[in-house]
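Chemist: What follows is a single structure, and I will ask about it in a moment.
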Amino acid sequence: MGTTKVTPYLIFATSVAAIGSFQFGYNTGVINAPEMIIRDFLNYTLDEKLDEPPSRLLLTNLWSLSVAIFSVGGMIGSFSVGLFNRFGRRNSMLIVNLLAVIGGCLMGFCKISESVEMLILGRLVIGVFCGLCTGFVPMYIGEISPTALRGAFGTLNQLGIVIGILVAQIFGLEIILGSEVLWPVLLGFTIIPAILQSAALPFCPESPRFLLINKKEEDEAKQILQRLWGTQDVAQDIQEMKEESARMAQEKQVTVLELFRAPSYRQPIIISIVLQLSQQLSGINAVFYYSTGIFKDAGVKEPIYATIGAGVVNTIFTIVSVFLVERAGRRTLHLIGLGGMALCSVLMTVSLLLKDKYDTMSLVCIAAILIYVAFFEIGPGPIPWFIVAELFSQGPRPAAMAVAGCSNWTSNFLVGLLFPSAAYYLGAYVFVIFAVFLVAFFIFTFFKVPETRGRTFEDITRAFEGQAAEANKLGKGPTMEMNSIQPIETTTHV
């Protein structure tokens with residue numbers, strides 16, 4: 001493999017793709033700040049249409065539906081990433097922006113139309129769009145990035161998400177767009193990134209792996225690689241893709257069921273699912289969904305600004321992980337993140353229990369939340385998204401991304417649905433549940449998750465196939481030793 005460079009073209013292409021991640025983050029966080037204003041809109045609109053004032057239960061259920069329908073749309077969208085093989089990586093991202101525009105228009109005009117249905121339908125449509133983005137973006141970035149930089153560029157997916165959440169928190173302030181007059185603009189803002197990405201995508205390359213392996217366009221794939229990576233010596237990478245293409249020609253199309261049936265796919269798909277669960281069941285979204293209330297319970301006078309502070313920490317440590325992931329490796333960072341979050345979860349529980357007795361415990365709670373967020377962005381935040389693309393070859397990758405994405409969205413939905421009840425009955429002890437999950441995921445990662453830093457897609461696939469073949473001979477399930485994949489030496493210039 002030749003010397004690769006971080007070229008402006010590579011930065012441009014990955015940044016444009018990451019706008020889809022920004023959309024996911026923005027639409028995840030945008031609904032929280034104007035909650036009371038939207039509840040008033042639901043009350044007023046239904047009061048005008050119904051013969052009698054809407055009940056408190058009906059209003060609560062409609063609000064919950066407005067929030068949760070986003071995750072339902074995400075589940076649907078995540079299982080539709082098969083579009084990637086039909087239309088190509090770049091064109092698929094371009095096409096689905098139509099959903100962002102439709103969803104944004106529905107939400108943006110729901111107030112002037114006095115339509116609760118438009119708000120809920122808009123959240124569903126934008127959820128489908130974001131579900132597609134959670135599959136499209138990490139796959140595209142992984143396929144256009146050099147092996148030596150795949151982890152660093154893969155982290156840009158998570159960076160886009162956290163920047164989106166932070167922008168939503170800031171725009172949601174009452175002095176900006178979170179007011180009774182401008183909240184539809186806050187929800188409809190998602191149209192602008194969609195238009196910007198649609199304008200920029202035609203100037204981005206198609207995935208060279210898709211061109212060579214799926215379309216058999218070797219010359220064009222070679223030219224794109226040379227321009228993206230800033231080197232003429234891409235012969236080894238082209239040869240690796242051709243070998244993978246030959247293997248694909250001998251295999252039948254990989255379905256979701258085949259991922260669980262075939263021994264060579266079973267181990268990596270289980271790892272992919274568990275890593276996605278480790279992200280959501282870590283409790284991060286519970287902390288962000290209800291961070292304002294948590295800070296308020298901890299004694300913070302202006303909790304909304306403390307929540308934004310947590311968003312800033314979120315963004316800073318995502319940037320830190322960009323520089324760490326190719327040095328420390330995926331597995332190591334994930335373990336550090338899980339372990340640190342488990343300790344912080346226990347610390348949050350203790351500090352919330354003792355805050356009324358000791359004033360300093362409020363500061364301890366705030367510090368625990370901020371450190372918890374920092375550990376999340378070191379490992380469980382960015383790594384599960386792009387490591388799925390690394391564990392599979394070109395054939396099963398879209399199906400694997402669909403399964404992993406659906407696992408993430410489903411667990412996200414369940415946490416959002418169940419956390420309020422759990423917090424009501426358990427109080428501060430609710431974070432002990434997340435601590436137990438984090439310890440379990442730490443143990444799984446330590447024994448089952450391989451290091452993929454510096455390895456080609458083909459190398460990783462062969463390692464799993466070798467393990468599966470050996471396991472079949474021994475008559476037991478396939479396993480992957482934690483050190484069975486070691487990084488190769490590469491030269492990279494910035």
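For all residues, glycine too, the Cβ spot is worked out from N, Cα and C.
Keep in mind it's a predicted model, so treat the numbers as computed, not measured.
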Chemist: With respect to the membrane, does Swiss-Prot record I175 and G299 on the same side?
Modeler: yes
Chemist: Can you dig through Swiss-Prot and tell me which residue of N43, N408 is labelled N-linked glycosylation site?
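Modeler: Annotated as N-linked glycosylation site in Swiss-Prot: N43.
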Chemist: Which sequence-distant residues neighbour the transmembrane segment (118-141)? Criterion: at least 6 residues beyond either end, Cβ under 8 Å.
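Modeler: Same-chain contacts beyond the flanks: 14, 17-18, 20-21, 23-24, 27-28, 31, 38, 41, 62, 65-67, 69-81, 83-84, 89-90, 92-93, 96-97, 99-100, 102-110, 153-154, 156-157, 160, 187, 190, 207, 385-386, 388-389, 397-398, 401-402, 405, 408-409.
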Chemist: How does the topological domain 'Cytoplasmic' (85-89) divide up by DSSP, counting helix, then strand, then coil residues?
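Modeler: Reading the DSSP string over the topological domain 'Cytoplasmic' (85-89) gives 4 helix, 0 strand, 1 coil.
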Chemist: Could you check the recorded positions N43, Q279, Q280, N285, N314 and say which one's CB has the fewest neighbouring CB atoms inside 10 Å?
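Modeler: Taking N43, Q279, Q280, N285, N314 as the recorded positions, the minimal 10 Å Cβ count falls on N43.
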Chemist: I need to check the long-range neighbours of the topological domain 'Cytoplasmic' (142-152): which residues 6 or more away from its ends have a CB within less than 8 Å of a CB in the stretch?
Modeler: 1, 4, 6, 10, 13-14, 89, 205, 207-210, 224, 228-229, 237, 322-323, 325-326, 330, 386, 389-390, 453-456, 488, 490-492
Chemist: Considering pairs 6 or more residues apart, do the transmembrane segment (399-419) and the transmembrane segment (269-289) have at least three CB pairs under 8 Å?
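Modeler: Counting Cβ pairs under 8 Å (6 or more apart in sequence), the transmembrane segment (399-419) reaches the transmembrane segment (269-289), since there are 3 or more.
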